[in-house]
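If you check Swiss-Prot, you get these features:
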- 1-14: compositional bias 'Low complexity' (COMPBIAS)
- 1-208: region 'Disordered' (REGION)
- 19-28: compositional bias 'Gly residues' (COMPBIAS)
- 48-60: compositional bias 'Acidic residues' (COMPBIAS)
- 48: phosphoserine (MOD_RES)
- 50: phosphothreonine (MOD_RES)
- 105-125: compositional bias 'Basic residues' (COMPBIAS)
- 153-165: compositional bias 'Low complexity' (COMPBIAS)
- 187-208: compositional bias 'Basic and acidic residues' (COMPBIAS)
- 223-235: compositional bias 'Basic residues' (COMPBIAS)
- 223-352: region 'Disordered' (REGION)
- 236-246: compositional bias 'Basic and acidic residues' (COMPBIAS)
- 264-286: compositional bias 'Basic and acidic residues' (COMPBIAS)
- 307-318: compositional bias 'Acidic residues' (COMPBIAS)
- 348-479: domain 'Plus3' (DOMAIN)
- 521-555: coiled coil (COILED)
- 621: phosphoserine (MOD_RES)
- 622-647: region 'Disordered' (REGION)
- 627-642: compositional bias 'Basic and acidic residues' (COMPBIAS)
- 645: phosphoserine (MOD_RES)
- 650: phosphoserine (MOD_RES)
């Protein structure tokens, strides 16, 4: 009876759990059904236990069944160890999902899983209690999952969580509700059952919750992007550091190989010197033995042998002394090199380090006349132009080994100088003018080219200590304080290379004063030198004057020539015009130059007589009583009277023009 009751309880529990998973809206009913089944199953198990314990008759029969129970319990206790962890994980994930998107669905799935697990636990307990179960019970147990197994829903949820983690950056914010702040149909039905106030309050709470979740989602997204950027930057920094380390390792290996080569060469030189010393010692011992043998025999020696031996001994002594000196100097040089190169000093490895002691053309232009120029410049580096290649300028890194004076005086910016720099690039040395120095910094390719030249020449690179010292000397030169003597030297240096003095008159007066003082002191040589300077100054002034007035005189000559030519041409034009006027016919439309003459002042006697006759006929003969007498007399005798009468008539213009004209039409 107990076995049948347990089987029936298990059969009731399984469909209830399946209904819980399948129906989205039947959460409460499913949970109630499962709790009722649990209570009934518990009661059945307890009753069966009490009945089994109370009956003493079937103890012998139940002993083997108890052994089977222990075995099955020991087998089934091992897998459930992982089950609580999974359930706890699901519970924590569910609790976290309440603050993330898709929380309602996960809750329902979690409840369904819990109900399934409880049902299976109780089924297996009933299975162990009842030893003689039927085939139906075994089929039901085989259909349900065991405690150690993971269901498909769990695996799907784990895979979906991993996918959500991987694609969390691409996902958009979703809190389980739509744009109208409502969920599925069940949620809509529940909101419809509420009052309007409760519904508004619920929607307001959901809005606040959505804002909080949005902020958290954006913060997480920003943090993830920031972490990604940091990782990328760290990777870049690590790659750059690795590249720098590789470069330094390569340079160190080159330096070490170079040092090994130098040491091997020094060892070879020392071996050669030691061999030569041993040979000299052996020769001396042989000569000593010879002299001892000769003295023992007491034979007279020839002069040639004696002198030749002495000369040879002297030569040998000199050669031995020279070899000793050379060995001492070489050893002293090695000791000095060892002292100069401390163990902590490192050679230059970057162009930025060498740029600290680089001199530009602007600095050289400022310092070329300074008293500290040669001392400060030696040991510094410059970027010198050596020519063009494929129409592009080529530059090299070179070290300044000295300052010399060239034969050519050239223009350097605003000053003139004849100084040149003795530069060294590897084994090559050459003198360059200051105007070929560049103002730009060293490039990486130029720096590597210089290093290769130094290594091939077997020369050592400058150390950082030397660069620091030279940098300090450059700073001291920039902050140099001049005294009176320095200023006088600078002025003399600048005057040496000036083509002409700034003021010829002042220079001439100064030279004349110096000449007068020299003549007073009786120094004729100095007076002669000053006179030569004066003559040279006069020649320069005359040359400048000629050069200045050269263009002016040429222009004035051209102007005078043009004036003379214009005069000649104008005279020719006047002659031609007068000739044309004579031969030209009268043209009434041409304008002519003429002066107007008054009709009354005309000198024609016939016209004048006609006018007088008309006037007498009109106004009577008493108007002009003297007219016939004047007409009868000669024109030359009575000019004054005639002019007076004419002037009287001309004055009364109204009378002159007061006459009638008859026109017949």
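Using N, Cα and C of the backbone, Cβ positions are placed for all residues, glycine too.
Helix first, then strand, then coil: DSSP counts for the compositional bias 'Basic and acidic residues' (187-208) stand at 20 helix, 0 strand, 2 coil.
Predicted-model confidence for the coiled coil (521-555) is 84, expressed as mean pLDDT. The helix, strand and coil residue counts that DSSP assigns across the compositional bias 'Basic residues' (223-235) are 13 helix, 0 strand, 0 coil.
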